[in-house]
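Colleague: Provided herewith is a single structure, encoded as structure tokens, for subsequent inquiry.
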């Protein structure tokens, strides 16, 4: 297992989020056995892997939605289950895969629910709450829509409302569970840009993603999982190779630098032509002839 | 205050001082207050009706102590506890309905539909017919124990990796149906007088409420109202799903258990004192929500609506008694609620199966 950068001294400089020998699963079904990993502080970490590999399960354990049956998830050096629930909620927030908006709720009301960890019986709406909600609405460009019913919004706008709620929670660590699923491509990138802004503002982002190109483009640290285990970790450039894509996802693909960002980009090979005319690249680091025309074809069909 | 004001899309009032801060929707506050005032008004009118008609002035004189004699006895000793029971029990039923409809995220998920009333009923039937105890404390204890036991059974039967609202409702309806058959069987085997005792109780009537059972019921009601108010913010977070609730610092397990116990207890306390009074828990939260136009099912407005409905049903039963003969208030809510349930079922079916809206 590759070690992440910046963790040379395990005692003093341990990251804020550490999984120590944890077995995670549902009821009797174990997903990950004796898993250990850590999230580098201040990183934009993407967890990738095929369906059912345990990436969302791991994220849910990090968010203490799921308690490990053995081992621990540590937050700032202490078992996450040993904190008061609100205390955790001020340090780490989760954007779940699916949340339910109550019937007839309006945008600002839903975003304001992100302030729950700061509220108590007698203080339900302090000036700081209102400021945080206003800032979250502005950052997600929802200020104009704040009085709308959530039901009236488009899918992309609705997802932004949930992101705004997480932002209003004002946590230094944000866990995002497949945030771009079900969105069209423009809204996917809009959302990823938003997360990059949050990262630039100093937040640690942990994001479960399906799209390898998005992961490579936005994350600075990747965790690759398969069958409940961590296959490898590291920077996108080091991790994303044709060999890895084939061994982890069972997909033969061409990995070439993205012409826009230079980060690795994955283009699946055509299984038919690949069998007839094997064009599998031998060396993933070099540019290949077939790639530019392919990409042009893609763009022209848009 | 710097950053900026948030536009919520409806009129809100913000309260801020050093000690407390809060924000309320103006419409919700106005509607809830109006509903409680209506309930009190209906209750006051109900004080004038009965076998011995009084004017509002006479009632007022009796209440303030200006009038001492027989009228004071009628108002204070006989009619007042019934009217208080109507308002408070109505509010409790509304609260219980709001809690369970939020927990199940379904307008059908109220305690009377998911079998808790039936559980109380069965326990009371068993206590009166099998054990042979018909005193107030026995009945009250049986009603509460029966409601909680049924809630536990329904909860366990519908538990599969957590509780899902619709499954809870279906299991509750099934358990309820089974309990009704047990009740019917026990009554067929009973002595005629015992069967009549059960029958009177089962009709759901406020007419026999006196101060003796009312005082402890009010004490429990106060505890339940406080507990519902304390758990209300967590309930609103549970509505968004367990994951969202956890990430906002709520512990779903204990909170849900507390809400279930509170919700079941509201129904059980009312059932213990007055017999099963159905459909108020079902209808009040939804009607209130349509008036407040708020998000989700609000507890204060549901309580106000429940109080208005039961006070109204009580007044109606007095008016019917004057014109015709006494009809227990439980039968009135049953008749009116039945119509509401039919409408609700048709609407739910249309929404769930995508038929015409």
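The backbone N, Cα and C atoms fix where each Cβ goes, glycine too.
Computed from a predicted structure; not experimentally measured.
As annotated by TrEMBL, transmembrane segment applies to B:24-47, B:80-101, B:113-131, B:137-156, B:168-187, B:214-236, B:257-283, B:295-320, B:327-346.
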Colleague: Is the transmembrane segment (B:137-156) in contact with the transmembrane segment (B:257-283), using three or more Cβ pairs under 8 angstroms as the rule and ignoring pairs under 6 apart in sequence?
Modeller: yes
Colleague: Can you find at least 3 Cβ pairs under 8 Å between the transmembrane segment (B:214-236) and the transmembrane segment (B:113-131), where each pair is 6 or more residues apart in sequence?
Modeller: no
Colleague: Restricting to the same chain and to residues at least six past its boundaries, which positions have a Cβ under 8 Å from a Cβ of the transmembrane segment (B:80-101)?
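Modeller: Non-local partners: 39-40, 43-44, 46-47, 63, 107-112, 114, 206-207, 209-211, 214, 217-218, 221, 224-225, 228, 235, 259, 262-264, 266-267, 269-270, 273-274, 277, 280-286, 288, 297-299, 302-311, 313-314, 329.
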